[in-house]
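Okay, structure first, notes after.
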Amino acid sequence: MVRLGVNIDHIATLRQARGVDYPDPVEAAMMAIEAGADGITLHLREDRRHIQDDDVRNLKRKLTVPMNLEMATAEDIIQFAEEIKPEHCCLVPEKREELTTEGGLDVAGQQNTLKKVCARLAKVGIEVSLFIDPEEKQIDAAKAAGAPVIEIHTGHYANAKTDHEHNQQLKRIADAAAYADSLGLTVNAGHGLTIHNVQSIAAIPVINELNIGHSIISRGVLIGLAEAVKEMKTLIAGAQ
């Protein structure tokens, strides 16, 4: 069964929009877990635009499922992760001006740096994944960097405008997933996945986990967060 990691960043986005103390990401995480989330994902950005340090601390104390902390390779955030010790860390690229993560890490271009970060996090018991585009050279570089897990960026698939482009991007992801699996890597995926496009990705045989946030939180505004999580879980299960 493909696992569902629910990203709660945009609960914090809603809170930060008013500079108040609600809605509480911890409360949202507990609701998501009750509804069937297999893990909770959150991105501690360098600019702290949504998730704050205390959110991570509070969640780590209360979570009953694994935490997946998305993070850049900034030294202060690496040190914070070493202190908090989430079960998983996903290293992602980051630009201050972006609305959301726009693509995968160039692991091949910064392999030495990433190898050191992977080793540091692994030393304190954190399983590290690298968020990458579905390209063999990036998968090879991730393997060489010592990451046991990759997360395939599904954004180009999600943003495809035509059936041809959709099918082309889906094949890229499926081929990349199979290649990574052949190297012994665990394969996760995420970015831009919704109730309308998740099943084709969930049906890829070697996918271990999907990390989904914005679309679940958005659906939650309309139908309730618990129902939105259950809906996504049902769709993922139906794709197996």
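The first residue you see is number 1, and the count goes up from there.
Cβ coordinates are placed from backbone N, Cα and C, and glycine is handled just like the others.
Per Swiss-Prot, 3-amino-2-oxopropyl phosphate is bound by Arg18, Gly192, Gly213, His214; the candidate from Asn7, Asn167 named for the same site is Asn7.
Across the recorded positions listed here (Arg18, His50, His191, His214), the residue whose Cβ sits among the most other Cβ atoms within 10 Å is His191. Nearest Cα neighbour of His10 (1-deoxy-D-xylulose 5-phosphate binding site) among the listed recorded positions (Arg18, His43, Gly192, His214): His214. The recorded positions listed here are Asp9, Glu70, Glu151; among them, Glu151 has the most other Cβ atoms within 10 Å of its own Cβ. Per Cα geometry, Asn7 is the residue among the binding-site residues Asn7, Arg18, His214 nearest to His43 (active site, proton acceptor). With a 10 A radius on its CB, Gly192 (3-amino-2-oxopropyl phosphate binding site) counts 18 other CB atoms from all the protein chains.
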